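Residues annotated as NAD(+) binding site in Swiss-Prot, with similarity to another entry given as evidence: 6-20, T97, K240. What Swiss-Prot records for K172 is active site, and it gives similarity to another entry as the kind of evidence.
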Amino acid sequence: MKKTIGFIGLGVMGKSMASHILNDGHPVLVYTRTKEKAESILQKGAIWKDTVKDLSKEADVIITMVGYPSDVEEVYFGSNGIIENAKEGAYLIDMTTSKPSLAKKIAEAAKEKALFALDAPVSGGDIGAQNGTLAIMVGGEKEAFEACMPIFSLMGENIQYQGPAGSGQHTKMCNQIAIAAGMIGVAEAMAYAQKSGLEPENVLKSITTGAAGSWSLSNLAPRMLQGNFEPGFYVKHFIKDMGIALEEAELMGEEMPGLSLAKSLYDKLAAQGEENSGTQSIYKLWVK
């Protein structure tokens, strides 16, 4: 018998992730603050729950994919939240990019209630979510990770166990740090190509397969050139992630000048009204 999965948060990525689980035959209970966002998956057979509490009482596995650490805190620790209402033995998987310290707090609270918690942030954007090819980095108890592997495999391809609670979130910070300065490089390269009189699309054919090649160059540079700034990943969420990484680095006594520069440029972009655009909209700082 298939486990009942509860999915909280049906944004740009969450909706696709939940759909893969539903398509595998699992009963899927859903909750999101704006019910309209759930309409398409409800039409496919997902079951709407009016509150986090109602969902938590019925699900064997509860997956959260919300916006900010404050949202995670509310969903897990509110009086009508997951920790207070999940049934004994349930698996709690937070796939939001959030604070490692919060992941540890959730794991400790879950253990006291005979629940199993994993922090499992993802990378791959809307494309990875739609195709079920996300990279999933997981922290928590190894046995819980292994028990949830069949669920993870419905949403992603590169699924790696990283260590105890908080390790998934720390790994995601490494991911975001690597992307941050890289996105600036991609935008500058495309702006340079255009300014020099080259055909940027043709330039991409040469440089995507060489040493400069990256996911961002292959997937987001074409969107820049097309003027497609729809969010596969929101600017505002990327700024949040970079802020968490800088906070964690400071706690470890580590300086991150490249990350600091990238965040300052994205802050400038957001101040121009682009916080709800995709991260590729950084290109607008160079090309109007």
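Using N, Cα and C of the backbone, Cβ positions are placed for all residues, glycine too.
Ranked by how many other Cβ atoms sit within 10 Å of their Cβ, the binding-site residues K15, T97 place K15 at the bottom.
In the shown protein chains, 19 other C-beta atoms lie within 10 A of the C-beta of V12 (NAD(+) binding site). Among the binding-site residues listed (G6, G9, V12, A18, T97), T97 has its Cα nearest to the Cα of the residue listed as 'active site'.
Less than 8 angstroms from the CB of G9 (NAD(+) binding site) sit T32, T64, M65, V66, G67, D71, T96, each of them six or more residues away in the same chain.
Within the same chain, the residues at least 6 positions away from G6 (NAD(+) binding site) whose Cβ sits under 8 Å from its Cβ are V28, L29, V30, Y31, K49, L55, S56, E58, A59, V61, I62, I63, listed in sequence order. Every protein chain considered, the tally of other Cβ atoms within 10 Å of the Cβ of the residue listed as 'active site' stands at 28.
Under 8 Å, Cβ to Cβ, and six or more positions away along its own chain, A18 (NAD(+) binding site) finds I5, F7, L10, V28, V30, I41, A46, I63. According to DSSP, G6 (NAD(+) binding site) is assigned to a strand segment.
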